[in-house]
Amino acid sequence: MNPFILATLLFGLGLGTTITFASTHWLLAWMGLEMNTLAIIPLMARHHHPRAVEATTKYFLTQAAAAAMLLFASVTNAWLSGQWEIQQISHPVPVTMITLALALKVGLAPLHAWLPEVLQGLDLTTGLILSTWQKLAPFALLLQLQPTNSLILVALGLASTLVGGWGGLNQTQLRKILAYSSIAHLGWMILVLQFSPSLTLLALLTYFIMTFSTFMVFKLNGSTTVNMLATSWSKAPVLTSITPLILLSLGGLPPLTGFLPKWLILQELAKQDLALTATFAALSALLSLYFYLRLTYAMTLTMSPNNLPGTAPWRLPTHQTTLPLALSSSAATCLLPLAPAAIALLAH
């Protein structure tokens, strides 16, 4: 792709998200979301592969449906209350519709069916943008909503953690596994959204760091299926030994970074007398942990049948930049000692 066109599209992505961040008016927020969608579509279809085109079409249709629903809900709110301000929305009907529209935008269960299919058709770089950057604008709007019906958010959160756990169990494609992992993590964030928005932001930040590391590892190895992970030991032995830590951090095991948001979210749910919800969420995390363990096993404890020249590519210098991966993998594994600082920040 022409670098000027690429720069324009990336600028459009950034501008769309920034407009949504800065907006207090529903029309402006909607416009930012639309710019976001339109900027990523050429990036998704740039390889002109039938799968990529199919994924782009699915993504466009779901995002257009969600944006139309959001616009309809905001017009309904203006009609009912005479208010276009994001903060001033109070009627339960538009609030529910907007929550569901934004849930469809980010891919929360039961509105998640498009996400694994779309992510499977993309290359890893565009998949990374879709899994991280594209979640920011809808989350900025979700954080500003005052939920009139707290049951909807809890139901969406629980459904997402369970679907994200169950869905990834029998997958062999890494991108689909990462899509279900994304659904499960988003479920955790939505569960605690109404009780502690700052905790949701912390969970979102740690999710971004861990997902970035995972995508970069798979990109460096050129792996798209679980079986292809078995060849990674001959390409990058040191990376192969670090990756299980990143994957287990995604699963939420202590003493890794991924444990921090899960621990604080469970604590907050227990404080809100939602012990049963917290139990279900914790049990669903075990489902996710199982498929991360599968990836760990495939990567470090299985060896692909290799001929003699195939065992030594690690001796050759790589042409990919590895500094972002080094920084993000350190952050994905070593940030748990910052827990007291995070708790102190959340307390204010």
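Each residue, glycine too, has its Cβ placed from N, Cα and C.
A TrEMBL annotation is a machine prediction, not a hand-curated record.
Feature annotation from TrEMBL assigns domain 'NADH:quinone oxidoreductase/Mrp antiporter transmembrane' to 23-287.
If you look up TrEMBL, you'll see 289-342 marked as domain 'NADH dehydrogenase subunit 2 C-terminal'.
Residues annotated as transmembrane segment in TrEMBL: 60-80 (among others).
Among the features that TrEMBL reports, transmembrane segment is placed at 92-115 (among others).
Tertiary proximity for the transmembrane segment (151-170) is limited to same-chain residues at least six positions away from its ends with a CB under 8 Å from its CB atoms, namely 96, 99-100, 103, 108-110, 112, 116, 176-177, 180-194, 274, 277, 280-281, 284-288, 290-291. The transmembrane segment feature in TrEMBL is assigned to 151-170 (among others).
Among the features that TrEMBL reports, transmembrane segment is placed at 177-195 (among others). The list of residues near the transmembrane segment (177-195) in space but at least 6 beyond its ends in sequence, with Cβ under 8 angstroms from a Cβ of it, reads 103, 106-109, 112, 115-116, 118-120, 127, 131, 135, 139, 142-143, 147, 150, 153-154, 156-165, 167-168, 171, 203-204, 207, 211, 214-215, 226, 250, 261-262, 265, 268-269, 271-272, 277, 281, 284-285, 288, 291-292, 295.
Among the features that TrEMBL reports, transmembrane segment is placed at 201-221 (among others).
Look at TrEMBL and you will find 233-254 (among others) tagged as transmembrane segment.
Residues annotated as transmembrane segment in TrEMBL: 274-293 (among others).
The annotation transmembrane segment is assigned in TrEMBL to 325-347 (among others).
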Task: Closest-packing stretch to the transmembrane segment (92-115), where packing means Cβ pairs under 8 Å, from 60-80, 201-221, 274-293, 325-347 - done: 60-80
Task: Tertiary contacts of the transmembrane segment (201-221) (same chain, 6+ residues out, Cβ under 8 Å) - done: 124-125, 127-128, 131-132, 135, 139, 143, 174, 178, 181-182, 185, 188-189, 192, 228-229, 231-232, 235-236, 239, 243, 246-247, 249-250, 257-258, 260-261, 264-265, 318, 320, 322, 324-325, 328-329, 331-332, 335, 342, 346
